[in-house]
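As given in Swiss-Prot:
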type: BINDING; residues: CYS71, CYS73, CYS86, CYS89; note: Zn(2+) 1 binding site
type: BINDING; residues: ASP462, ASP464, ASP466; note: Mg(2+) binding site
type: BINDING; residues: CYS810, CYS884, CYS891, CYS894; note: Zn(2+) 2 binding site
type: REGION; residues: 1376-1399; note: region 'Disordered'
Amino acid sequence: MNQEIMNLFNPTTPAQVFDQIRISIASPEKILSWSYGEIKKPETINYRTFKPERDGLFCARIFGPIKDYECLCGKYKRMKYKGIICEKCSVEVTLSRVRRERMGHIELAAPVAHIWFLKSLPSRIGLLLDMTLKDLERILYFEYYVVLEPGLTALKDRQLLSEEEYLKAQDEYGQDSFTAMIGAEAIRELLRGLDLEKLEAQLRADMAETDSDIKHKKFAKRLKIVEAFRNSGNKPEWMIMTVVPVIPPDLRPLVPLDGGRFATSDLNDLYRRVINRNNRLKRLMELRAPDIIIRNEKRMLQEAVDALFDNGRRGRVITGANKRPLKSLADMLKGKQGRFRQNLLGKRVDYSGRSVIVVGPELKLHQCGLPKKMALELFKPFIYSRLDAKGLSTTVKQAKKLVEKERPEVWDILDEVIREHPVLLNRAPTLHRLGIQAFEPTLIEGKAIQLHPLVCAAFNADFDGDQMAVHVPLSLEAQLEARVLMMSTNNILHPANGQPIIVPSQDIVLGLYYLSIMREGLAGEGKVYGEMAEIEHALYSKVIHLHTKIKYRWHGVGEDGKPVTKWYETTAGRVMLGQVLPNHPKIPFDAINKLMTKREISGVIDQVYRHCGQKETVIFCDRIMALGFHNAFKAGISFGKDDMVVPQGKWKVVDDTRSMAKEFEQQYNDGLITQGEKYNKVVDAWSKATEKIADEMMKEISSVKKTTKGNEAQINSIYMMAHSGARGSPAQMRQLAGMRGLMAKPSGEIIETPIISNFKEGLSVLEYFNSTHGARKGLADTALKTANSGYLTRRLVDVAQDCIINASDCGTNLGIKMRAIVDAGTVVASLGSRILGRTACEDIREPSTNNVIVPRGTLMEESHVDAIQRAGVQEVKIRSALTCELVNGICAMCYGRDLARGTPVNHGEAVGVIAAQSIGEPGTQLTMRTFHIGGAAQINEQSFVESNFDGKVTIRNRGIATNSEGASVAMVRNMVVAIVDADGTERVTHRVQYGARMRVDEGDTIKRGQRIAEWDPYTRPILTEVEGTIGFEDLVEGQSISETLDESTGIAKRVVIDWRSTGRGADLRPAIVVKGKDGKVLKLQRGGDARYMLSVDAILSVDIGSQVKPGDILARISTESAKTRDITGGLPRVAELFEARRPKDAAIIAETAGTIRFGRDYKNKRRISIEPTDKTEEPREYLIPKGKHIHLQDGDIVEKGDFIVEGNPAPHDILAIKGIEELAAYLVNEIQEVYRLQGVLINDKHIEVIVRQMLQKVEVTDQGDTDMISGEQVDKIEFDQNNDKAKEEGKKPATGTPVLLGITKASLQTRSFFSAASFQETTRVLTEAAVNGKVDPLEGLKENVIVGRLIPAGTGASMAKIREVAMKRDKLIQDEREKQAAITPAAPEAEPLALPPAE
């Protein structure tokens, strides 16, 4: 008996252990097997007794009792009758919980089509039957008959007949000579009659025969679905339903409200409609009603079932009493409020609270201040148990009373409970994993949570009213994880870039900066001190100042651990700072013996972390914080309006620029330049002026003044704040005291008239009006882009969520090549910074001696990187996530260093999610940061390259001409200038623009900062290569060229117009030719005539008969006027790259190396072909829309991958032409460019992880002897498995090409249908999965969260491993026992196996 009572409290139903979940279409038999009874009446509950009606939607006989262990009529109550069925009300006596589990069903009087398989595109029923959706609907909704069996009549199989045609055919051929049906029964018969095997063979044969691409695609689609039905065991006729399942009543509750009204789930309404119509149809059939009435009723039944499954997918939306659309079963799953995202992936949490945060500068880094009231509530159960253990209360009720009265002993116990019990703090929005961290609570008075100032950067928190949530980890495992993995002291480095994120900011920085200033000529300069105590004494007695230059004997540690001393010239303040430095040989006093800006402090923290470890770093950070706050308070820095110094030369610069602008205006009036060029030049001049004034202002503010006594005065406090990195930026200072500069219109164009005043002088009304544009745009952008960025993060997380470190080494020899990124002649990302923390893919050798510096397979630390850079290595091949050959996840060697820990990455690390967060988080940060500069225009147009090394110039593909002005001009498109140092190592290479003026030539020596070449960034020239006289071809006034008079100037300039639009000039080919003395067109060296084709909008620079020399400009094409670039261009750009969208006017890329030839024009396109250098290849032809500027001439030589037409290349083209490595390099660089503009650091490996996920699919080009269909996209893994199988069987394997998918598409095509369904397009994903009978292997994170298991990452990964080992061991034991049993037949029965514990 006792045993039975015990069983009551822990029910014996074991948690199900499963490894995979399969989804398929439910057959009518299956639905009946789930059901506990048929629902015959639409009634729900009796409004007087509130008891469910029998056979109704809430029937207790079918679904179970309403109260635990009590039948409906009350005859049997309590436990002892468990399992008895009451004879009066037929209700089983059991737990009421079964009302959440038991299903019912409705027997339909006529079959109906399942709307998902009918309407969800592509229509599965339509594909199988090869009928259009329109025809299907006509049959289903009783408009047309379909011929099933034409017999000997002239009718065709599956011919549609209208009512009249049907009757006519019956009259003509007789009633039994053919079979035609209408409605879902007809479709069901058609589906049942399909012979899938025959159909598959037929389709394969058709595919082999057809030449048409469209037909091939259609057959492939049908073949795919036929195979899906064959392989999954689903029967096509199951897509037509004869039984509708009814979900358990507690999942669609009906709750009585006061006042006799009821709140009900919409599903009840939808089920009621179905039951009503079904019953009516049954009655009509029994009454033998006329066909037309029955048909109408059947149609209405079909509509009712449609609405139940997916309301609004077909016809009008069914609305409830209050005109609100009813939520159907599909809506329950879909969207943010659907089951997946609302309840499975995001759950509400108990044991949590939230409050406003305030700063807690006296806390240690691992602490947070928790209000007593909050702690008392959150830790209640712990307090109760402790009170009980101490004998202070005997019952829970008593304990509750004690706690409610807040007795003194309760506070003591709360202290005990809280000690060493971490809590989690979270600030929304949680953009990356540092948005939730664990702290040890300390109890405080008041009602606000206290937060340590140094973790604010990680949470992106400030104290202007932000709120934070507190969560309590309950189980011991959870507390352990919180302490070991999530404690704030364990998260010192940023997972996105490996830099410290626990970095002082604002006041702390200002205090440390003030502390480290050194000023000449203060009292006590040059005194010598040996101990800190002496310095303190001197400071106290005002013998020296904090900033006085003194000499100091520093006591440090040598490499061997013995104490060493050294003399330094420093200041008292810096010595105070030196006292908090850890004692370590690698961290000398020099580390802080300089002016400490924010960046310097960050560097010191990084050094301390690398050399002294985490504990020391945390202590150092806390000390440095206290020191900073204290000194900021001691310094008492403030500023007034006179601290904003307007530079003296401001008005001179403004007047000069004004006169320049006037000059440009004049040039425009004289017709020398176009409107666009004038605009560009004016904008350029004003932005240069703004820069100049800003520089002068900075010079003046930062200059050190002398006081009357001859010593240095205090530095300007605004400059201190900006220079230290505490607050403000040079851009803001420029607006305060320089000149506000150019403003942008909301469209992104720049207004030509700048704002000359600054905020100190005040703006005029017009200036103020102009500046409102920028401010308004900034605020609007912020709101929009926060949402966009959040969505980008969601897509990234979704595509990468199953990327986990699953092995230590995949053993691949592949890798990608890394070199420094150089932009406009400056190194923006050094080689060292790009390879740090990555694994070398091959031995790295010193170029001069060929000695191995770093052997392959080494994880590169700082020391290795230094050695590589010292040796002058230009290119390093490293392992990458892109080339990792692991089937599931990524291996640790290919990933490299875990950036947040600075150590090799651990097994089970969810690198995909970290990558997604690292890329998404700054997106939101940046989007919120656009309007800080008030829309002040910042233009960056590159117009020169300069050397950043000393060395010698060598030129590859040299082509330089001297034009009639005597200037050297670059005449070829692929000229590369390389700078070689004294050892002959190539330090850097620059590609020179066509038409650039060269400042150096082959063999010149060059100094750092010297210009190599210059060009006009706003125009593209067309140059002549020969000397001679100009002639025009097909340049006909009014047809292909027009003298446009500029209205405002009255000056004519000649512009090529679109000659095809003028009707008469369709066959013209406008060109400029260069003729010799004999009047014939000259020949070029490379072959072909000196004929230069012109494109639309080219502006002529020469006239007929003028003499030209090589390098002279014949015509120029103006490029677009400058637009401002801020992350607005940025975020959509990043999304565009990750979505792999084709850019609007994509570049056209040469698919092969060869010679350009112009062919005959085609309608309104120009035809260009490439004659390949490799004669075995076919020539390639490109049609280029008119108006696109082709900057190549007939006979130019191009390399594979060169641009024929400028623009942004489509990533798919790069993949097809240049391969995966080039594509990855392109995507990484483009995405990094956007973030770099904003000064955001993201490690390349994060972007590589996402790109890897975008390259998971292969398009089958030739199916070989495999089951795959050519033209279909399959998973890489699947593709390889199929090919391995084919090779084993000696068949011909398939070939395929990698396909690049955008992140949304890639997410929807993952192997897990759970993950895809919870992302987007739920209906479509589930329909497809059901038809295919897909199995979800539950490998990713999302799927496991959805089914409620531990995720296979982090600590969950080790659990999964243990489980795997246990399973294997059990299998071995079982096999052993079976062997034994086979040998000894009469052995006693084996005891039951020890199964691994269920999760």
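Each residue, glycine too, has its Cβ placed from N, Cα and C.
Positions of the features from Swiss-Prot, shown on the structure.
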{"residue": "CYS71", "record": "Zn(2+) 1 binding site", "DSSP (3 states)": "coil"}
{"residue": "CYS86", "record": "Zn(2+) 1 binding site", "DSSP (3 states)": "coil"}
{"residue": "ASP462", "record": "Mg(2+) binding site", "DSSP (3 states)": "coil"}
{"residue": "CYS810", "record": "Zn(2+) 2 binding site", "DSSP (3 states)": "coil"}
{"residue": "CYS884", "record": "Zn(2+) 2 binding site", "DSSP (3 states)": "coil"}
{"residue": "CYS891", "record": "Zn(2+) 2 binding site", "DSSP (3 states)": "strand"}
Within 10 Å of each Cβ, count the other Cβ atoms and name the one among the binding-site residues ASP462, ASP464, ASP466 with the highest count.
ASP466
Would you kindly give the Cα-Cα distance separating CYS894 (Zn(2+) 2 binding site) and ASP466 (Mg(2+) binding site), rounded to the nearest Å?
40
Spatially speaking, which of the binding-site residues CYS73, CYS86, CYS884, CYS894 is closest to ASP462 (Mg(2+) binding site)? Use C-alpha to C-alpha, please.
CYS894
Say you check the Cα of ASP464 (Mg(2+) binding site) against those of the binding-site residues CYS71, CYS86, CYS89, CYS884, CYS891; which is nearest?
CYS891
Alpha-carbon distance [CYS86 (Zn(2+) 1 binding site); CYS884 (Zn(2+) 2 binding site)] in Å:
65
Using a 10 Å radius around each Cβ and counting other Cβ atoms from all shown chains, which of the binding-site residues CYS71, CYS73, CYS810, CYS891, CYS894 yields the largest count?
CYS894
CYS810 (Zn(2+) 2 binding site) versus binding-site residues CYS71, CYS73, CYS86, CYS89 - nearest by Cα:
CYS71
Per residue, counting other C-beta atoms within 10 angstroms of the C-beta, which of the binding-site residues CYS86, CYS884 reaches the highest number?
CYS884
What is the set of residues, excluding CYS810, CYS884, CYS891, CYS894, whose C-beta falls within 8 angstroms of the centroid of the C-beta atoms at the Zn(2+) 2 site?
ALA807, ASP809, THR812, ARG879, ALA881, THR883, GLU885, LEU886, ILE890, ALA892, MET893, TYR895
With every protein chain in view, what's the tally of Cβ atoms within 10 Å of the Cβ of CYS89 (Zn(2+) 1 binding site), excluding that atom itself?
17
Which one is it, among the binding-site residues CYS71, CYS73, CYS86, that lies nearest to CYS894 (Zn(2+) 2 binding site) by Cα separation?
CYS71
If I take the alpha carbons of CYS71 (Zn(2+) 1 binding site) and CYS891 (Zn(2+) 2 binding site), what is the distance between them in whole Å?
59
Starting from the Zn(2+) 1 site formed by CYS71, CYS73, CYS86, CYS89, give every other residue of that chain whose CB sits within 8 Å of the mean position of their CB atoms, in sequence order.
LEU72, GLY74, LYS75, TYR76, GLU87, LYS88, SER90, VAL91
Between CYS89 (Zn(2+) 1 binding site) and CYS891 (Zn(2+) 2 binding site), what C-alpha distance do you get in Å?
63
I want the residues beyond ASP462, ASP464, ASP466 whose C-beta is within 8 angstroms of the mean position of the Mg(2+) site's C-beta atoms, in chain order.
ILE357, ALA461, PHE463, GLY465
